[in-house]
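S.K.: Before I ask anything, let me first share the structure, which is written out below as structure tokens.
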Amino acid sequence: MSLIRGLISTIYYLPKIYKWFYRPYYFLSLLMTLAFVIVRCCPGLCEHLPSQREDGDSCAFDWREVEIFMFLGAIVMMKNRRAVTVEQHIGNIFLFSKVANVVLFFRVDLRFGLLYLTLCVVFLITCKPPAYMGPENIKYFRDSTIDEELQRDSRVTWIVEFYANWSPECQSFAPIFADLSLKYTCLGLKFGKVDIGHYGAVAERYKVNPSPLCKQLPSLLMLQAGRELMRRPLVDKKGRAVSWNFTEDNIIRDFNLNEIFQKYKKFSKGEKPEEPQPVLEEESESPLEEEEEDSESKKDK
């Protein structure tokens, strides 16, 4: 099922994926992924490679190499079951294909393995995935502005993402969060981001651990008047994040975005905001108090 879903998703986003390979990162990643296949099947190169096939054909895959490719496919399918975006699907394919290429090149020749491993290290250091540059309606906070901005208006609900640029999960989640900000931003609901890789003090104040071992990045916090109402993912007693998929549907459901948006939607049309909810609750309780006073007065009589 996961293989079929991934295949359908790839076909659906094929025009978008096609444009990615104009970018150096994705183009070079594709070459690194197909490196062993190119070397093994390219005339003029494959004739000089050793082979363990019975017929001695060095331009064809032996059975052990086929097994490694099959194992690679199984690992990619397992990892892509939790992938949310197309970027995550493609990233998993690139990552585990490079690992498989390292094993395959070392089987052929130690020198080829060391050369490919060196290329992978250089690529990892010099090439970074392109950051999301699409439309969004997000306010970026700094250490000195986040507390003041969150407490400025107690009627505004903030959905704040705590992220780090080095985190692949945060990079994959960026287009999802941007799309949500475009759909749900209104006068009473706003979206913000803070880079805890640069502002570690903010992470400490809001109890978000940036360590990769804790897997708390990205973290989404719902805040109102500077007070935390909800967060995802949740954190257990050991400080590790409880598994939670950062899909658009999960965020809309768990944070009640539809209800909050409908509540504040009329504010964006220029209507005067209503009184805060606590005042309305007090007004709704006042008739009950009057009834109790009337009953007590009747008893006294």
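Including glycine, each Cβ sits where the backbone N, Cα and C put it.
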S.K.: From 50-53, 134-137, 142-145, 298-301, which range did Swiss-Prot mark with motif 'Di-lysine motif'?
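M.R.: Swiss-Prot lists motif 'Di-lysine motif' for residues 298-301.
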S.K.: Which residues of the chain, 6 or more past the ends of the transmembrane segment (112-132), have a CB below 8 A from one of its CBs?
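M.R.: Residues 23-25, 28-29, 32, 35, 39, 87, 91, 98, 101-102, 105-106, 165, 168, 171, 174-175, 178 contact the transmembrane segment (112-132) from elsewhere in the chain.
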